[in-house]
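Straight from TrEMBL, the features:
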{"type": "DOMAIN", "residues": "B:16-204", "note": "domain 'ABC transmembrane type-1'"}
{"type": "TRANSMEM", "residues": "B:20-43", "note": "transmembrane segment"}
{"type": "TRANSMEM", "residues": "B:55-78", "note": "transmembrane segment"}
{"type": "TRANSMEM", "residues": "B:84-101", "note": "transmembrane segment"}
{"type": "TRANSMEM", "residues": "B:133-154", "note": "transmembrane segment"}
{"type": "TRANSMEM", "residues": "B:180-200", "note": "transmembrane segment"}
Ligand SMILES: Nc1ncnc2c1ncn2[C@@H]1O[C@H](COP(=O)(O)OP(=O)(O)O)[C@@H](O)[C@H]1O
Ligand SMILES: [Mg+2]
């Protein structure tokens, strides 16, 4: 017990820093991924055939290859193009581009599951296509897929740990360094796990509240 | 057209073999472990159930990379000398097990109560009801989620390279460090992963639609 | 099982419900029900929705626990027994063995979707009684013929109409050779044109002397087949008696109102 206390008081500042970096990366990547996801479904909604096919191909590649390799591609590739972006920026872009693809799939399935009747109801009262999409389709699709979106965002938070592989001093890398310095692998793991669980379960809780609210308002 | 990729392809494919083997071990053992735990969670007592809930909560809430580090550093701390592969494989099996256990538990809970009531009404006892009525139906419901979890796990085997296990991603980094041809190599490697994952991905989607019982 | 040691009831009641009470938290659903059913008797339970008919029926094979009162099936206590003056739940084994004698048919059929029609009917004899396959198959085929479903023996339930599924469900329950059959609104989920084929099977069963408790809204069935009609409302038995008596000459306003609403629907 004492060993635990000593360990935590000694390394707490480092873990707090790591926690802030992880939370920061997540706070940048999550909105970016959501915006990217919405951009990605526009071609389909607008029925731009070629652009939709391109998006489909992009989504398939993202879904079927590891985020780590995508991150390496940016981190080691961009400098060859003369772009010397920081590892945090590369990490955020990589996370947003993979999770944006996953999120857009989720949004798309939500839109598809809405019945044709919604469209017809919208057009019957004389709304233009984009108005129907904005006022009728998107809000309903959004509510329907909230649980799936939420799960994906939690996966996103966990995936921020990959920025440690390109040298960002996040929670995971802090944990690794601490183990190497102190040899206290269990203590470090407990500390790291604790901070990640705070992030993922707080996010889970907030999402659950939003779900309940949304269901009450529109359900 | 891609000279660096071409000349290094045999080396990368060797890495891919390691990736496939690691994936196969992790997916098969993780699924078996997870299904077992999911069933236990559905038949066991309150204490067992809360232990399993804690396990699922912990392992689903923490990045797999962190679990890998735990495995990599803590087995030696316990006096066990394991190579990086074994440490990674064990960590990932336990990790995948948590996801499969949750899916299994959900699938079992998803079998309609009418089914268990009908079985009870025939005079069937709990164990037999699980084997004859609930599990066969739950296993159908669990196939699609397990395929998706497997897909996730295959991609995550690439993180093994971070803790020092040599496989496709590790090989890719070695080649890039030597040749600096980041685009050729990493895009090529993404394509190799794609070839491994895409069939599973298609199967998952097809099953998602097909496996529900007509009612 | 150990029939000789089981307490023998005074009468030849197959099912005896005494002072049955049950609440869902604060809502009292059954407020002291007494119903007994003799061998070969067909009792039809009528009553508005929410009056506790399903709950009562489900208590008889202990799919539902209850707070007070006793139920016996062939003299064997259901769910609870008295040990040194206190009421104790019986074991899971005892519940299971009791349920072998009580056939139940549900509104939603509840056939096992992963098994064929024949396998559904064989399930009880083979998996519960441990009967060998060929003997169980003979019994199952006979029962399927009886409900007019032998031509679909190898089909999966998902391919059948509601009426066909319900007839298979009846055969599945009969395969256990129960002493009493419970039917809970078994035609309510069916399209109108399919109701007749299921009622016909039930009528034939009644004629063969099967003991039955039938919850239904089919007034014609009650009038034509029931030996006794029980009218429930608000968790109590309001009236009971032979259908020709109480359905033509109801004694209470509640039953009269119920009848007029339902008979006008039929006409
Ligand atoms: N599981 C349950 N939890 C709470 N209330 C229930 C439950 N099942 C039934 N009830 C309530 O008990 C009452 C009687 O239900 P039920 O026996 O199904 O009536 P009936 O079959 O006559 O329509 C209803 O008010 C119903 O809402
Ligand atoms: Mg009912």
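Cβ coordinates are placed from backbone N, Cα and C, and glycine is handled just like the others.
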Do any residues of this chain, six or more beyond the ends of the transmembrane segment (B:180-200), have a C-beta under 8 angstroms from a C-beta of it, and if so which?
2, 4-5, 8-9, 12-13, 16, 19-20, 23, 147, 150-151, 154-155, 158, 168-169, 172
Against which stretches of its own chain does the transmembrane segment (B:133-154) lie, if we need a Cβ under 8 Å and a gap of at least six residues from its ends?
19, 23, 26-27, 30-31, 34-35, 38-39, 42, 92, 95-96, 99-100, 103-104, 106-108, 110-111, 115-116, 118-119, 124, 193, 196-197, 200-201, 203-204, 207-208, 211, 213
Outside the transmembrane segment (B:84-101), six or more residues from its ends: residues with CB under 8 Å to it:
22, 25-27, 29-31, 33-35, 37-38, 41, 52, 55-56, 58-60, 64, 67-68, 70-72, 75, 142, 145-146, 149-150, 152-153, 156-157, 160, 163-165
